[in-house]
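Working notes, structure below.
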């Protein structure tokens with residue numbers, strides 16, 4: 001797979017997007033600091049988690065202000081906008097979402113009324129009982145005389161809009177009370193970062209599927225999807241928000257309450273691909289996990305070869321581990337354009353036929369005549385790998401052995417990742433040797449499930465491995481629809497999938 | 001140094017820009033193709049050579065149209081602009097230039113009159129007899145009755161504007177005749193890509209200091225500063241434009257003439273840092289050169305250490321070579337934010353004091369307690385390396401050994417690179433051990449001059465090594481001013497230095 | 001923490017001020033001596049208790065004269081001013097206060113009318129029933145026909161102004177009678193030093209939260225916040241003013257009365273950090289307490305290490321004790337600029353980016369490769385410790401173990417210390433190991449609460465430990481507001497917090 | 001001795017000033033930086049070398065601007081003054097000088113004419129052939145027709161004014177040529193930092209008596225008397241200026257020339273007391289030297305004692321070393337007022353009789369009944385030690401053993417330190433046991449000369465030890481006056497001595 005943020009991610013091969021992962025959430029409580037800008041930088045560090053819309057809400061203690069739009073964080077916000085967003089606390093969000101004006105409303109943070117003011121909510125994850133929540137909203141509206149308030153009234157029907165609407169609460173209820181009442185009723189994977197005028201809240205589902213961390217500014221506190229966002233804004237890591245925990249941050253400091261017992265099921269795919277390599281999850285370095293996956297891959301599936309190269313950037317740590325364990329020299333076989341990821345002009349069909357290569361360029365002098373092990377983190381549809389193998393062969397590689405540092409992805413994720421529809425998953429219809437043939441490789445090997453899990457240093461029972469095993473730890477929505485409709489397309493309202501990459505030309 | 005193009009570049013350590021290298025030039029002759037878009041992609045592939053302004057001129061056979069502005073290629077052009085630029089041939093340019101409205105005029109391509117129409121010119125390099133050229137322009141104006149035409153009339157007094165003005169030629173002269181008469185009179189390092197309404201021209205100085213290549217489209221021709229720009233637009237590499245050669249491309253194909261005898265003096269710094277690693281210059285892979293520099297560095301200056309890491313991205317190939325030769329494992333010690341390089345909001349002073357880190361994040365779990373060899377390609381001011389060493393120490397590195405895959409940079413470049421003023425070059429006032437102290441390293445070693453040259457596989461006499469040796473192969477402007485004035489500041493009008501990087505926050 | 005008084009003081013790590021402690025009060029009755037100068041020197045010895053404004057009032061027996069301004073004692077007063085302040089008795093004050101003209105009025109001593117003349121009052125502490133006092137002032141004004149006199153008429157609404165206004169008393173009442181009537185009605189922590197034209201008074205709240213001592217000059221008497229102020233002016237220590245005691249000093253000597261029963265609750269933080277090390281409180285040497293805290297810390301939390309160093313100056317006694325108990329050699333790891341604390345030019349942003357270090361410089365030769373125990377007295381926000389750890393690592397320390405000679409500060413003080421808002425207290429949102437991570441230490445250990453108390457040699461029930469335990473011995477203002485509003489900000493009008501230290505550059 | 005900068009110095013016992021050491025010099029070449037402010041901070045870090053006047057000269061490339069006055073750096077300069085001093089390069093100076101308006105002219109930098117403009121010069125050291133230089137000035141004036149220019153015309157007759165006058169040079173001579181011609185003719189100990197409009201120069205005498213270092217800013221260069229001034233301004237240490245070397249810094253970088261052969265004779269008293277402990281001289285850490293002197297002192301002269309305490313701050317490192325070697329516990333016996341060093345109101349005679357103690361306060365609880373080893377760095381007049389012993393005894397010490405980490409100071413310094421007149425040196429008229437009696441100690445021991453030298457890790461022949469041995473490595477002025485007049489008073493025009501401290505009351 002190839003997406004590539006930081007060392008390791010961000011769409012780099014056109015024609016295949018990585019998993020449409022999730023969203024990034026960020027919150028800051030820091031009176032006296034420029035909270036909008038801190039949120040901006042925090043989202044910039046979380047950009048790899050969602051590149052299609054970005055938003056920030058700030059509160060100056062009396063009023064909440066929100067600004068959100070389609071695009072990268074750096075495209076959505078300019079200096080003037082940020083400067084106009086005064087406040088003491090803020091929440092921000094970046095997400096995958098379908099492009100186009102009609103989906104603007106789906107950008108986050110989402111606003112809604114509370115008994116005393118406004119709530120702004122940012123969400124990373126995916127809920128599995130949206131239907132129940134929608135019923136609750138309907139019931140609530142009827143009880144209140146049909147008044148529909150908040151973004152849901154404007155047609156926003158996402159998970160996030162439902163939760164925001166329910167946070168309105170009942171008369172006399174504080175936001176905190178409402179949240180403590182509501183959170184146990186929400187099923188699925190969620191990390192909510194929300195605030196009213198004066199308090200920042202963060203809540204993580206009882207399974208802790210997605211990461212959420214607490215950090216310390218010199219004079220304030222930060223919550224973020226991943227640890228590197230803390231470093232980016234100059235905050236130090238304190239701890240993870242615990243599964244089933246809600247924290248509140250205001251002038252009294254950090255208060256913690258648990259709305260449910262923790263039954264941790266951390267997403268193993270965060271270790272494999274989603275999180276930044278400089279993140280740590282449940283105390284385990286993601287980079288180290290990936291290097292170890294590469295080592296394990298070499299132990300399990302060594303090959304006779306001359307060089308080990310990564311599919312940049314996401315395959316790099318595993319390739320380093322593979323090379324170390326196998327003794328085969330590590331080198332680069334591709335150069336990635338440093339400006340990949342910027343929005344730019346799409347090649348027309350005519351241009352595509354010329355064979356435009358905007359992302360990767362193979363290093364012929366490195367590859368010619370060589371038996372190449374090329375390491376990637378995962379295979380979803382197989383298109384990236386097919387393009388990679390073709391480029392390697394065109395550059396003269398004698399043999400191409402593809403090594404994948406995760407097992408075959410066979411099952412959709414209902415907890416916040418949009419891999420593809422199940423039918424699109426190549427491993428869901430082809431055996432390993434068939435996939436090898438399909439992508440044109442001399443050989444193909446995946447790491448074993450055990451090997452992958454061992455590399456995360458987490459007990460198996462504390463991980464969600466559903467995309468590899470089909471073993472879903474959280475009840476799926478409307479079980480009866482499972483076999484047929486729902487698995488067709490894994491995209492859920494929490495983080496809607498975009499269409500395929502705008503870069504459909506493969507190389 | 002840290003700049004980062006392709007695999008290896010783009011400013012990533014703030015506080016120090018890499019050398020303000022040069023410009024990128026591109027030309028295409030391809031009736032029936034979308035030449036503006038091809039040029040756009042070509043410049044996108046050459047973006048690392050100049051990130052402060054971009055421009056494209058197209059000709060539809062009858063009229064030349066130009067569009068240029070400050071900013072990255074992706075910022076200057078949008079779909080509409082490109083769609084409006086019809087044509088059969090085009091030239092493009094990206095360059096370093098000072099920001100600000102007053103310097104807009106210095107963006108290229110530059111337009112000027114010819115006897116029959118218009119010329120559009122893009123230039124990479126730096127001329128050393130600008131004064132003579134200016135005299136020629138004055139003489140010409142006087143001879144013609146004082147009529148001043150072209151951009152020079154608008155106050156553009158760059159090298160490029162002078163050459164453009166002189167390309168106006170004399171009555172009855174074709175552009176080609178004028179060029180053949182003019183080119184031998186121009187001294188310095190230059191790659192000109194220019195065109196009139198129907199013909200694309202490219203010329204390279206007799207020393208061939210800067211690279212310039214010819215490529216083949218299915219139905220047309222391309223010239224570009226570097227080979228990877230060919231691959232990017234789907235063109236295949238044909239050959240380099242030879243030193244002292246001018247080519248003309250029109251409906252009759254490619255014509256070649258030589259305006260001067262070739263005495264090659266290719267810039268060794270292209271191998272070290274400037275060119276994309278996937279480029280090849282004089283037949284030698286830049287990537288291979290860099291890996292070999294790393295191997296040689298290990299042979300010359302090995303260290304007892306636990307890991308070898310690069311300063312990403314520019315130090316990566318040499319680090320790979322170093323690790324290979326020394327047997328010390330290669331790994332990553334830093335993660336670079338994948339979105340670095342995008343224009344974004346500058347942190348205010350208040351935010352800087354929080355310790356915001358927008359570019360690099362050290363991998364503590366990799367570094368803690370380790371003896372680290374960190375490899376970079378060059379040291380200019382030393383600020384990047386100082387920041388790198390500090391980050392490594394803060395992350396717990398037990399020892400930090402800095403290895404540099406080029407010799408100390410001591411002399412300014414008069415041929416198109418703006419390193420810094422001479423006084424800013426740290427090696428121009430400090431010995432190696434003193435630089436080690438200054439950057440806080442336990443040890444510092446540079447490759448030898450011989451070692452670097454050997455790695456390029458070029459004969460020493462075909463290379464310009466002036467920045468390392470002070471041995472200038474091309475006469476400097478007004479030799480008598482050399483000792484005092486000229487060395488003051490190496491930036492020359494050909495590619496004026498920009499202001500400091502927008503990323504001034506150091507880590 | 002780093003502030004530094006006496007052996008151990010003065011803000012030295014920018015970016016974090018120590019607790020905005022309290023104020024210093026001083027009074028002298030010594031006809032025939034230069035009372036203004038004696039007060040000046042007394043305040044100079046108490047400067048560590050308040051560095052933002054200073055004032056002296058003198059009485060020549062007939063008239064009271066006051067001079068006060070923002071700044072250090074040495075900045076506020078010059079020779080001429082002091083020479084012009086004749087008298088037989090004087091009171092003085094140094095305090096934290098917000099800067100700016102609008103707050104000048106809050107400087108002390110505060111003047112007010114009495115039935116027969118004028119009272120000048122200086123206050124160290126914080127009142128918890130200001131609202132009640134304000135009501136009393138209003139009632140009094142209404143009873144007297146609305147006449148508002150004294151500084152309260154000029155908009156000074158501090159605790160001190162309220163008390164001063166109430167000291168006006170009723171017709172026919174002496175100041176002493178008024179005070180004896182008023183003092184039992186005042187709640188909170190207070191040390192009042194006040195005078196009318198001929199008599200010096202001093203009163204300490206029944207809990208004796210803040211220290212107040214009586215000393216003997218050759219020909220007069222002195223009262224001061226701390227014992228070392230006595231030594232400084234050549235006075236010998238007599239005794240502490242007792243909790244609930246008021247003394248009056250005039251030509252008849254010292255008279256003592258008790259306005260309330262003593263229920264001592266001495267501030268434990270005076271032993272930890274606030275008081276000068278050469279002070280003694282309740283008979284216990286502060287220096288000895290701190291050394292003993294260090295010894296106890298070593299007993300409770302020893303570490304394998306090569307050297308023990310203090311965070312200068314506040315960590316020095318505990319570091320000495322730690323080294324003694326652990327057997328690990330004591331040395332210095334930092335050098336502090338001797339001129340720190342002087343007002344000087346603030347570095348501009350540009351200069352800060354150069355990495356200017358105005359306060360501490362690490363001793364590389366001492367630290368390189370060493371496992372370091374670094375001892376500090378307390379952690380408030382954690383910023384100082386973070387900076388300290390970073391400097392130690394940059395200087396090459398192999399391991400950094402932080403030892404703190406007080407327990408985690410988790411609660412605001414309502415009795416005269418402005419630690420920070422509760423949310424700013426790092427221990428109020430992070431566990432010990434999380435704080436260790438946040439400050440970058442290999443380990444972090446605090447002394448136990450019992451260990452700290454034992455080191456003071458005071459019975460636990462005679463100490464206020466609220467900042468560590470949340471157990472507030474004196475009724476808080478408007479108990480019902482406690483949970484929410486009052487904890488918002490611990491700074492109270494008695495000693496308002498200043499803005500950040502002028503030294504914001506972190507290292 | 002007690003002076004106390006940084007960890008270790010600055011007048012702390014009234015009644016005795018430390019040696020009136022020398023001056024501090026600073027220079028910076030950094031176009032684009034705020035050179036005046038950098039110089040200000042540099043002088044702030046060198047303040048311990050001269051506290052009676054301060055000055056800065058800046059050049060903007062065309063004109064030189066100077067501002068100087070009596071007082072501490074922080075007193076002489078305010079924000080407005082510094083902001084008005086624009087420039088690309090600057091020199092600064094802080095010095096001991098007699099107080100009072102009449103000596104204002106002696107403050108530095110000193111201005112003088114050159115053939116093409118102006119020179120500004122700052123000097124640390126003392127010349128021994130001033131008479132010759134004065135003759136040269138006279139000769140020059142006569143040759144030029146009696147024209148007297150520069151500060152010497154205004155009655156400034158210091159060494160520095162003479163050198164400045166001679167730097168005027170002859171017609172057609174550049175400043176550099178003039179300096180290279182002049183420097184070999186100057187005898188004594190000198191560090192000159194000077195500049196004309198565009199170039200910064202630094203020269204150190206062939207004996208290298210005083211330290212002078214070169215540092216690197218991100219975009220410029222710095223010279224300073226001591227290394228810590230580099231750290232203070234964010235510069236990294238490059239190397240020492242070599243004895244007999246002159247360097248020039250301009251837009252071409254750093255040029256080095258040698259005007260005389262190096263015969264190093266570094267001042268041993270820099271290691272003992274003068275330099276900041278965080279300095280390194282000739283590669284040897286001053287702090288380490290002092291700790292080692294303490295260890296050696298313990299080896300040579302151990303005592304039966306209960307505690308080892310320093311005379312703060314200058315005795316601290318040696319006390320730490322003494323304690324370590326002897327096994328006797330280190331602690332503090334004195335607390336120093338943190339605000340010492342600020343100019344403040346002098347106590348009148350009346351107040352002095354009260355026994356005012358403005359600097360040190362003894363810790364009775366530590367000292368009572370204890371056999372005390374008190375360590376100081378040196379004894380000049382003996383007054384400090386006498387006061388110290390008295391305070392220790394008053395605090396109840398059972399025995400007082402004074403240990404001095406340098407040998408007896410018996411000889412005046414002609415190379416830049418003003419110890420006192422020879423007659424004032426107590427060791428110049430009393431044997432060790434007599435001094436012990438004089439200061440009231442139970443015993444007194446000095447380190448041996450060999451022990452001191454060994455602790456510096458310098459070869460004896462590369463040190464000047466004249467103040468201890470009378471062995472003067474540089475020819476003294478007018479040898480015939482030596483025995484009688486000159487030794488009477490060591491103060492020389494280079495750094496004139498001030499009168500005795502304003503704080504004459506001893507404790």
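Note that Cβ sites are derived from N, Cα and C of the backbone, with glycine treated the same way.
A TrEMBL annotation is a machine prediction, not a hand-curated record.
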Please state which member of B:314, B:438, B:443, B:448 TrEMBL lists alongside B:376, B:377 for binding Mg(2+). B:314
Region 'Disordered' per TrEMBL sits at which of B:464-485, B:486-507? B:486-507
If you count the C-beta atoms lying within 10 Å of each candidate's C-beta, which of the recorded positions B:23, B:267, B:464 ends up with the smallest number? B:464
Top of the binding-site residues B:376, B:377 by count of other CB atoms within 10 A is B:377
Can you tell me the three-state DSSP label for residue B:464 ([4Fe-4S] cluster binding site)? strand
Let me spell it out: for each of the binding-site residues (B:413, B:467), count the other Cβ atoms within 10 Å of that residue's Cβ, using every protein chain shown. Which one has the most? B:467
Limited to the domain 'Glutamine amidotransferase type-2' (B:23-252), I'd like the whole-number average of pLDDT. 89
Distance [Cα-Cα, Å, rounded] between residue B:464 ([4Fe-4S] cluster binding site) and residue B:377 (Mg(2+) binding site): 17
Between residue B:23 (active site, nucleophile) and residue B:376 (Mg(2+) binding site), how many Å separate their Cα atoms? 23
Spatial separation of residue B:377 (Mg(2+) binding site) from residue B:267 ([4Fe-4S] cluster binding site) - C-alpha basis, Å: 15
Taking 10 A as the limit, how many CB atoms besides its own sit near the CB of residue B:314 (Mg(2+) binding site)? 32
Cβ within 8 Å of the mean position of the Cβ atoms of B:267, B:413, B:464, B:467: remaining residues of the chain near [4Fe-4S] cluster: B:209, B:268, B:269, B:415, B:416, B:417, B:465, B:466
Cα nearest residue B:467 ([4Fe-4S] cluster binding site) among binding-site residues (B:314, B:376, B:377) -> B:377
May I ask for the distance between residue B:413 ([4Fe-4S] cluster binding site) and residue B:377 (Mg(2+) binding site), taken between their Cα atoms and rounded to an integer number of Å? 17
